[in-house]
Amino acid sequence: MKVTVVGAGNVGATVANVIALKGFASELVLLDIKEGVSEGKAMDMMQTSHMMNFDTTIVGCTNDYSKTADSSVVVITSGIPRKPGMTREQLIGTNAGIVKSVVDQVLQYSPNAIFVIISNPMDTMTYLALKASGVPKNRIIGMGGMLDSSRFRYYLSQALGCTPTDVDGMVIGGHGDKTMIPLARFATYKGIPVSQLLDKETIDKVVADTMVGGATLTGLLGTSAWYAPGAAGATVVEAIVTDAKKLIPCCAYLEGEYGETDVCVGVPVVLGKNGIEKIVDVKLNEEEQKLFDASVAAVRTMNAALADVLK
Ligand SMILES: NC(=O)C1=CN([C@@H]2O[C@H](COP(=O)(O)OP(=O)(O)OC[C@H]3O[C@@H](n4cnc5c(N)ncnc54)[C@H](O)[C@@H]3O)[C@@H](O)[C@H]2O)C=CC1
Ligand SMILES: O=C([O-])CC(=O)C(=O)O
């Protein structure tokens, strides 16, 4: 299957590299507007193929959408990242125009593509991609929850003194410093509820650290993170391309689920060859539902800023 990644910066190049290493795509196209960068990164990755044992053909191109024709999945990472002290929401002014123009151009050559939106503010960019394109809702997926859940598992493992692979946990809601909802009530260590192993104060700190996980890395790196975001993007693509029916929290368009309509926000979904094949409506308790409603309200406020782009 052919996969395209638009934006060959930190996140896009990492998504591409992890997809190649995983070996599930036959062809991978990397596209950027910066002359030569995609071509150079594609060539550099291809020169690792015999060492890393993958057979994916990676092609780089400078803004040539004909090379992306007939892609099954298109990942959008184009746009600016935040700098220390900024919120993701502050990127909307620049990124909305970029994301809309990329979606339009992709559709000219891949009318049946499934989109995975990564550019920030991701929930609003996902809503924009859906509204601007008219593509059915199952084919527009925002990536945030996979990454946030992975960070949640990491912080839980640090608190438990174990490996993150022994921990399960999910983050829903918006992909923002204040809108994320790590579902501590459902988090487990090898099936044991973490509430039996960690005190409330420790769990509260894990939740707070998870919510600002991206901001913490931005403070350390001077730009936002890419290894975990890249791996998370590739994991979402893998579930679609391999028709894996995996349950992964993703940003999805809601039409009544969780009591919300006309908004894209993070919820657990089943991913397969049709993109979002099912939204799993988890029974939230009163406190979690309140957090979810507040998260959706914040995302809606952000979406209102799209009025001009969507005209
Ligand atoms: N949803 C999520 O979980 C995450 C989202 N992000 C977001 O992903 C985006 C990319 O981040 P980075 O890769 O770190 O930034 P970056 O600056 O390293 O790369 C962005 C790339 O997009 C390219 N670009 C800009 N306009 C373009 C256009 N019209 N067409 C094609 N390419 C274009 C740039 O030339 C650049 O190479 C940011 O908006 C960031 O906030 C980052 C991490 C996680
Ligand atoms: O923090 C950022 O701006 C980038 C991002 O979405 C993340 O790493 O979670």
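Placed from the backbone N, Cα and C atoms, the Cβ positions cover glycine too.
Among N53, N95, N138, the residue that TrEMBL places alongside G7, A8, G9, N10, V11, G12, D32, I118, S119, N120 at the NAD(+) binding site is N95. Between R88 (substrate binding site) and N120 (NAD(+) binding site), the C-alpha separation comes to 6 Å. According to DSSP, R151 (substrate binding site) is assigned to a helical segment.
Under 6 Å, Cβ to nearest atom of ligand 2: this is the test, and of the binding-site residues D32, R82, R88, N120, R151 it is passed by R82, R88, N120.
Broken down with DSSP, the domain 'Lactate/malate dehydrogenase N-terminal' (1-142) shows 68 helix, 28 strand, 46 coil. Taken over all pairs of the listed NAD(+)-binding residues (G7, A8, G9, N10, V11, G12, D32, N95, I118, S119, N120), the Cα spread reaches a maximum of 17 Å, rounded to the nearest whole number. Neighbour counts were taken at the CB atom with a 10 A radius for the recorded positions G9, R82, H175; the maximum falls on H175.
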